[in-house]
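A.B. asks: Encoded as structure tokens, here's the structure I'll be asking about.
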Amino acid sequence: MSTDVAAADIPVPQVEVAADAAVDTPAAKPAKAPKAAKAKKSTPGPKKPRVTPAHPSYAEMVSEAIAALKERSGSSTIAIGKFIEDKHKAHLPANFRKILLTQIKKLVAAGKLTKVKGSYKLAKAPAAVKPKTATKKKPAAKPKAKAPAKKTAAKSPAKKAAAKPKAKAPAKAKAVAKPKAAAKPKAAAKPKAKAAAKKAPAAATPKKPAARKPPTKRATPVKKAAPAKKPAAKKAKK
């Protein structure tokens, strides 16, 4: 009887293990579910084909309307809208007016239209592009003018190099002039000549008063000579 009881107790843990295995298997299934969700997200959906409008672009329609209206002060948005509706009524969308306003603003920002007091004109053709190309050609001529300047700059150092020997020649002349400075006794001889020159005018000055005195002396001897002759005549009479 003890052996039968032991045999009856053995299958009990096997049932528990089976129950644990049954519990573990459903827990693994939710882990696979997110992978399937990722696979669904990665698959791209079919793209909707773009509907090509039957009417021309808004830039073409607006420019055509302004050119056809030919208004001096420009065409208003209402006049432009009426012209486009009359020509392309069957192909325009229901929100045509709103799209037209936004497209006109974009054309003004791009410089294709000019706004004048609530009306719009076609922008003038860029005629200023040609003068810009002419100005670009002028700077190309400047490097040519710089090339001769470099030649002259190269020649000027050669001239300076040639001028340096000339500067040395005056230095030699100064070296020759130094012996003249040594001959200072000649400079001492000059004062003697000056002293002699001073003596000459000093001697000339006494001659002037001597020249004045002789006339007075001459006048006196003439008077004395006359009475001397008279006694001589008396002797002749005797």
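Cβ coordinates are placed from backbone N, Cα and C, and glycine is handled just like the others.
Annotation comment: Swiss-Prot describes 21-34, 123-132, 198-208, 217-230 as compositional bias 'Low complexity'. Among the features that Swiss-Prot reports, compositional bias 'Basic residues' is placed at 133-197. Sequence annotations record features per position, and here Swiss-Prot assigns domain 'H15' to 54-124 based on sequence analysis. If you look up Swiss-Prot, you'll see 21-57, 123-238 marked as region 'Disordered'.
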A.B. asks: For the domain 'H15' (54-124), jot down how many residues DSSP puts in helix, in strand and in coil.
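C.D. replies: Grouping H, G, I as helix and E, B as strand yields 39 helix, 9 strand, 23 coil.
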A.B. asks: Over the span of the domain 'H15' (54-124), how high is the average pLDDT in this prediction?
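C.D. replies: Taking every residue of the domain 'H15' (54-124) together, the mean pLDDT is 84.
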